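Reading through the structure tokens given below for one structure.
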Amino acid sequence: MNKSNFFLLLAVCVSAFSVVMQQNQYRLNFTALDKAKKQEIALEQDYAQMRLQQARLANHEAIRAAAEKQNLHPPVSGNTFMVEHQR
């Protein structure tokens, strides 16, 4: 009986150690998931902000108003010239 008690004790210790390791791994995974969710929310907010900014910059009326405010006019052929790159 002494040998069987030793093996049972060893099995219980291995099982308990396994349970502790699994719980620790679960906690680590849960904190990593929580951190990833917070990062996802922050990235979604940044993306929404950039889309709003892109829509604002692409607004033709806003571009036209900014050009008029700065007294900018479309270029005419007399004001343009070609620059060629020589190798």
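Cβ coordinates are placed from backbone N, Cα and C, and glycine is handled just like the others.
Away from its own ends, the topological domain 'Cytoplasmic' (1-6) comes close to no residue of its chain (no Cβ-Cβ distance under 8 Å at least six residues beyond either end). The topological domain 'Cytoplasmic' annotation in Swiss-Prot covers 1-6.
Taken from Swiss-Prot, the feature transmembrane segment covers 7-23, and the record attributes it to sequence analysis.
Among the features that Swiss-Prot reports, topological domain 'Periplasmic' is placed at 24-87, with the record citing sequence analysis. The topological domain 'Periplasmic' (24-87) scores a mean pLDDT of 90 in the predicted structure.
Same-chain neighbours of the coiled coil (31-71): none, counting only residues six or more beyond its ends whose CB sits under 8 Å from a CB of the stretch. The coiled coil annotation in Swiss-Prot covers 31-71.
Residues in the region 'Disordered' (68-87) partition by DSSP class (helix H, G, I; strand E, B; coil) as 5 helix, 0 strand, 15 coil. Among the features that Swiss-Prot reports, region 'Disordered' is placed at 68-87.
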